[in-house]
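To keep things clear, I will list the structure first and then write my remarks on it.
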Amino acid sequence: MSDAAEEQPMETTGATENGHEAAPEGEAPVEPSAAAAAPAASAGSGGGTTTAPSGNQNGAEGDQINASKNEEDAGKMFVGGLSWDTSKKDLKDYFTKFGEVVDCTIKMDPNTGRSRGFGFILFKDSSSVEKVLDQKEHRLDGRVIDPKKAMAMKKDPVKKIFVGGLNPEATEEKIREYFGQFGEIEAIELPIDPKLNKRRGFVFITFKEEDPVKKVLEKKFHTVSGSKCEIKVAQPKEVYQQQQYGSGGRGNRNRGNRGSGGGQGSTNYGKSQRRGGHQNNYKPY
């Protein structure tokens, strides 16, 4: 692999693709709930497979990995910190020394066609995962890479929504009056801009049941207190942060990688710059 590629910045600080995610540092990588995952058919180990998206490297992407995205699979691993030049074959060849690799994939940026610096592998035997984790350091194409266990996230019911484009002057009473017609409200969050000490133009509403959310989402826009508001499902902070893996995060800790400015393949999985107080809890997708 060329040395030049090693000096280029890489997008590897929080991600999700086809239902797979890298978790915050110190936690196991997870896969999102049904509400957060992109629409795709899923199947058990003995069922069918999902269709691989475009932009895959070295041919077809791992159907078996995609098919098990919402299921626990002890043989599946997330691999972060990959070089742009690392191919699917390179990834498979490296991990084959730990056991038989039945499937692997490298996630690609659909806009640039470049690797996003992370991928997934699926071992035939889960004992191979433990062998990988037992090794203190892994290097591939001149870079320190970071393999972790991949785990499925539980499908919790969706009860929380994001309401954007709301007039900051709209009272909680008016908000509750409008959305209360869809179902019983458990809580309303009114984020404050810490610099201006004023209400922000969005709120989060948690219903006691899941059905009201479905009713609200039948329309994308709602008029609340004279404002045309956009409604979306609110995502847990962990899911939002992982989506930043491929959306502009540039490495912070190279952990022994060449140079300190390139940042390709940062290991700060799940960490993103805060752009607003609402990221403390939820973010729409």
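Just so you know, glycine gets a Cβ as well, placed from its N, Cα and C.
Taken straight from Swiss-Prot:
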REGION    1-65  region 'Disordered'
COMPBIAS  25-43  compositional bias 'Low complexity'
MOD_RES   SER87  phosphoserine
CROSSLNK  LYS136  SUMO2 cross-link
DOMAIN    159-238  domain 'RRM 2'
CROSSLNK  LYS208  SUMO2 cross-link
MOD_RES   LYS220  N6-acetyllysine
REGION    239-285  region 'Disordered'
MOD_RES   SER247  phosphoserine
MOD_RES   ARG250  dimethylated arginine
MOD_RES   ARG250  omega-N-methylarginine
MOD_RES   ARG255  omega-N-methylarginine
MOD_RES   ARG258  omega-N-methylarginine
MOD_RES   LYS271  N6-acetyllysine
MOD_RES   ARG275  omega-N-methylarginine
MOD_RES   ARG275  asymmetric dimethylarginine
MOD_RES   ARG275  dimethylated arginine
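Rounded to a whole value, the Cα-Cα separation of SER87 (phosphoserine) and LYS136 (SUMO2 cross-link) is 23 Å. When the alpha carbons of LYS220 (N6-acetyllysine) and LYS208 (SUMO2 cross-link) are compared, the span between them is 21 angstrom. Working note on the recorded positions SER87, LYS208, LYS220: by count of other C-beta atoms within 10 Å of each C-beta, SER87 ranks first. Counting every protein chain shown, the Cβ of LYS136 (SUMO2 cross-link) has 5 other Cβ atoms within 10 Å. A gap of 46 Å separates the Cα atoms of LYS208 (SUMO2 cross-link) and LYS136 (SUMO2 cross-link). Taken residue by residue, the domain 'RRM 2' (159-238) breaks down under DSSP into 16 helix, 34 strand, 30 coil. Per-residue pLDDT, averaged over the domain 'RRM 2' (159-238), rounds to 94.
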